[in-house]
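Step one of this worksheet: look at the structure below.
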Amino acid sequence: MRTFDVVVIGAGPAGEVAAGRLAERGLDVAIVEDRLVGGECAYWACMPSKALLRPYEALAEAKRNPGAAEAVTGALDVAAVLARRDEIIHDLDDSAQLPWLEDRKVTLIRGHGRISGERRVTVGDEEVEARKAVFLAPGSLPLMPPIEGLDTIDGAWTNREATTAKQIPESMVVMGGGVVGVEMSQAFQTLGCQVTLIEGARRLLPNEEEFACVQLTEALEHYGVNIRTGRKATKVEQADDGMVTVHMDDGTSATGERLLIALGREPSTKDVGVEVVGLEPGKLVEVDEHHRVPGHEWLYALGDVNGISLFTHMGKYQARLAADHVLGEDHSAQHGANGKQSPRVVFTEPQVAAVGHTSETAADAGIEVEIVETSTSGNAGGSFYGRNAEGTARWLVDKERGVVVGCTITGAEVADFLHAATIAIVGEVPVARLAHAVPSFPTRSEIWLKLAG
Ligand SMILES: Cc1cc2nc3c(=O)[nH]c(=O)nc-3n(C[C@H](O)[C@H](O)[C@H](O)COP(=O)(O)OP(=O)(O)OC[C@H]3O[C@@H](n4cnc5c(N)ncnc54)[C@H](O)[C@@H]3O)c2cc1C
Ligand SMILES: NC(=O)c1ccc[n+]([C@@H]2O[C@H](COP(=O)([O-])OP(=O)(O)OC[C@H]3O[C@@H](n4cnc5c(N)ncnc54)[C@H](O)[C@@H]3O)[C@@H](O)[C@H]2O)c1
C-alpha cells in the first residue's frame with residue numbers, strides 16, 4: 001500500500017492549493033483527480049466565463065472613449081471570442097497544470113477517490129494511506145431542483161455546456177438570476193443570442209445591495225435581455241423541434257432554442273465515501289473553524305463542498321488555513337470578510353464588487369451603520385474610463401466602532417478596487433486612519449476620499 005502524509009481528493013483550486021502548500025513545507029502529498037487538474041474553475045466556471053465576458057467589456061470601454069471609439073468600426077468577432085476562450089481553458093487539456101504539481105513533488109493519482117476508512121482512500125483498485133490527514137475537496141455540481149419536466153429536456157445546458165459552447169444559439173432561456181445567470185445572460189446576449197432571464201426572487205442578485213441590482217438590471221435590459229423577476233420556473237417542456245418552454249408560477253412562459261439551468265449548486269458528496277465516516281451522501285460537509293470534520297481529526301473538507309463560501313479565492317484561503325493547521329499552526333478565519341461576507345465580484349458590465357455586509361445583512365446583524373456613497377467615476381481618474389461610465393461606491397461604517405463593515409462598488413472594471421475595501425474590513429482600520437491612506441491622482445481610487453473626509 002502506498003503511504004503519504006496527506007491525501008487530497010479533488011484537484012480544483014482548493015485541493016491544488018492545499019496540496020502545494022503542504023508539499024512546499026516538506027510533506028509527502030498525493031492528490032486524486034478524476035477529471036482535469038484545475039477543477040471546475042479552470043475549465044467550466046471562472047476562467048471560461050470571464051473569457052466570454054471580457055471582450056465585450058473591452059469593446060464597451062473603447063466605445064466610451066473618444067479617439068478609441070472612432071477606431072472601433074465593427075462588432076465582436078464571435079469566432080475569435082470563442083477561440084480565445086478555448087485558449088484560456090487550454091482546450092480542456094490539463095497538461096499545463098501538471099508542472100506546478102511536479103515542481104512541488106506532489107504525486108498525482110488519476111481516478112475517482114473515495115474515503116474507505118480512517119486515513120484511507122481508494123482509487124480504483126488501489127487503497128492509499130494518509131499518515132496525517134485526508135483533505136476532501138471535490139467541489140460542487142449544478143443543482144437540479146425537482147421542477148416538472150426539467151430532467152426530460154434533451155440538450156439542456158448547465159455551466160459546463162454554456163462555458164464551453166462552440167456555437168451561440170439564437171435564443172436561450174436562463175433559469176436563475178444569481179451570479180451564473182446574470183454573467184451568462186450578459187455573455188450570450190452580447191454574443192448575439194436573445195436571452196430571457198427568469199429569477200424567482202423579487203430582483204436579480206438577491207443577496208447584493210439593491211442599487212447594484214437595479215443598475216445591473218438596467219444594463220442587461222439595455223443589452224436586450226428579457227428579464228422576468230419575481231416568478232419561479234415551475235414546469236419545463238420541449239417541442240418536437242427541440243424548442244424549450246419554461247412555465248412560471250404567474251402563468252406566463254418563455255421559449256428558447258436552449259435552456260440554461262443556473263439554479264445554484266450542490267456539493268459533490270454523493271459518491272466520495274462520506275458515509276464511511278457517518279456523513280450523509282449528497283449533503284454539505286460541515287466543518288469546524290479549522291475546516292476539519294467534527295469527530296474526525298484526520299479529515300478536512302475544503303472549498304465548495306463545505307458550503308461556507310462558493311468562490312475560488314475562498315476555497316484557496318480555506319486550503320491555506322487547513323494546510324497550516326496540519327503543519328501545526330493554530331490560526332483560523334476570525335474576521336468579517338468570510339462566509340457570506342467574502343469578497344465577491346460579478347464580472348458583468350457594470351461589474352458588481354462587494355465585500356462584508358450589505359445594508360440588509362448589517363441591519364439583520366443589529367449593526368448600526370452610517371452609509372457613505374459616491375459615484376465611482378465622478379472624479380478626475382474617472383474621466384479616463386470614458387463618457388457615461390456610471391457606477392456607485394457605497395461603504396457601511398459601523399457607527400460604534402468607526403470601522404468599515406461593508407463595501408459595494410459598481411461600475412466599469414471595479415473588480416480590482418475591491419481589495420482596498422477588503423483590507424480595510426479585515427484589518428479593522430479606523431476610518432479616521434484611512435484619511436492618511438492617500439490615493440494617487442488621477443485615479444478612481446480617490447473615491448476613498450469621500451469616506452475618509
Ligand atoms: C459558471 C461559474 C462561474 C464562476 N466564476 C467564478 C469566479 O469568477 N470567481 C470565483 O471566485 N468563483 C467562481 N465560481 C465558483 C468557483 O468555480 C468554485 O467556487 C470553485 O471552483 C470551487 O473550487 P473547489 O476546489 O472547491 O471545487 P472544483 O473547482 O469543483 O474542483 C473539484 C475537483 O474535484 C474533482 N473531484 C470531485 N470528486 C472527485 C473524486 N471523488 N475523486 C477525484 N476527483 C474528484 C473534480 O473533478 C474537480 O476537478 C464560478 C462558478 C461557476 C459555476
Ligand atoms: N463571479 C463569480 O465569482 C461567480 C460567478 C458564478 C458563480 N459563482 C459562484 O457560484 C455560486 C452558484 O451560482 P448560481 O448562480 O448557480 O447560484 P445562486 O444561488 O447564486 O443563484 C441561483 C438563483 O436561482 C434562483 N432560483 C431558484 N429556483 C428558481 C426557480 N424555480 N425559478 C427561478 N429562479 C429560481 C434563486 O433565487 C437564485 O437567485 C454562486 O453563489 C457563487 O458563489 C461565482
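Quick reminder: no glycine exception, Cβ is built from N, Cα and C everywhere.
Bear in mind that the values here come from a model prediction, so they are computed numbers and not experimental data.
The feature FAD binding site is assigned by TrEMBL to K50, G113, D304. TrEMBL lists G176, G177, G178, V179, V180, G181, V182, E183, E199, G264 with the feature NAD(+) binding site. Among the features that TrEMBL reports, disulfide bond is placed at C41-C46. Among the features that TrEMBL reports, domain 'FAD/NAD(P)-binding' is placed at 4-308. Feature annotation from TrEMBL assigns domain 'Pyridine nucleotide-disulphide oxidoreductase dimerisation' to 343-448.
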Cα proximity to D304 (FAD binding site), best match among recorded positions C41, C46, V180, V182: C41
Spatial separation of K50 (FAD binding site) from G176 (NAD(+) binding site) - C-alpha basis, Å: 19
Number of other Cβ atoms within 10 Å of the Cβ of K50 (FAD binding site) across all protein chains: 18
Fewest other C-beta atoms within 10 angstroms, as judged across G113, G178, which are the binding-site residues: G178
Those recorded positions in C41, V180, E199, D304 whose CB falls under 6 A of ligand 1, listed in sequence order: C41, V180, D304
Where the C-beta lies under 6 angstroms from ligand 2, the matching recorded positions among C41, G113, G176, V180, V182: G176, V180
Other same-chain residues whose Cβ falls within 8 Å of the Cβ centroid of G176, G177, G178, V179, V180, G181, V182, E183, E199, G264, the recorded NAD(+) site, in sequence order: V174, M184, L204, L205, A262
All-chain count of other Cβ atoms within 10 Å of G176 (NAD(+) binding site): 25
Distance [Cα-Cα, Å, rounded] between E199 (NAD(+) binding site) and C46 (disulfide bond): 21
DSSP helix/strand/coil residue counts for the domain 'Pyridine nucleotide-disulphide oxidoreductase dimerisation' (343-448): 33 helix, 33 strand, 40 coil
Diameter of the NAD(+) binding set by C-alpha atoms, the set being G176, G177, G178, V179, V180, G181, V182, E183, E199, G264, in angstrom: 14
Binding-site residues (E199, D304), the one with most neighbouring Cβ atoms at 10 Å: D304
Under 8 Å by Cβ from C41 (disulfide bond), same chain, sequence gap 6 or more: G12, P13, M47, T312
